[in-house]
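Pulled from TrEMBL:
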- C9, H22, H181, C185: Zn(2+) binding site (BINDING)
Amino acid sequence: MQDITNGRCGWCGTDELYVKYHDQEWGKLVTDDKTLFEFLVLESAQAGLSWITILKKREGYRKAFYNFDAELVAQMTDEDVERLMQFEGIVKNRLKIKSTITNAKLFLAVQKEFGSFYNYTLSFFPDKKPIINTFRSLSEIPVSSPESDAMSKDMKKRGFKFFGTTICYAHLQASGFINDHLTDCICRKVPQ
């Protein structure tokens, strides 16, 4: 895989959906809790799979999980799990579906405790600010960080599922708390 492809981080390749995600979402700071919950759901679903697989099913997840409304997802039942096991738009993994419901309940509890999931996430960062890395090659980008280690450990203690440090790091990258766009990427030259 090339470090830079068509001016972008090479991991997104040339797939139109991947390029759009890279250019318009990845690494841009998300302060809205609904979007943070969406990324939490999608990143958790990705465990063991490729991100492009989940991106292609994103609209299915949106339909399956009430447009990522954590309050509605938290109220889902075993009957909803059975219904979603038949739904073609998502990865049909019973444990991941159930964990989405569990994680929604825990997400709401974190919001209540910290005022927002955004505030909770920032609590793991020095100076309560996002990190902008200056990597020049894809091989320099780590799969975890002290922030993702601490956050995933705390989330595990709270009962969150499918959210280890690697998934947590991917979540922090996706939601812009850690900006890992390579220094030569066009997204570094565009105001965020």
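All positions are counted from 1 along the displayed chain.
The backbone N, Cα and C atoms fix where each Cβ goes, glycine too.
Curation plays no part in TrEMBL annotations; they are all automatic predictions.
Known features from TrEMBL, placed on the structure.
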residue	record	DSSP (3 states)
C9	Zn(2+) binding site	strand
H22	Zn(2+) binding site	helix
H181	Zn(2+) binding site	coil
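Residue environment of H22 (Zn(2+) binding site) contains 21 other Cβ atoms, counted within 10 Å of its Cβ in all protein chains. Sequence-ordered, the extra residues of this chain that approach the Zn(2+) site, with Cβ no more than 8 Å from the Cβ center of C9, H22, H181, C185, are R8, W11, C12, D23, W26, G27, D180, L182, I186, C187, R188. In this view, the densest Cβ surroundings among the binding-site residues C9, C185 belong to C9, judged by other Cβ atoms lying within 10 Å.
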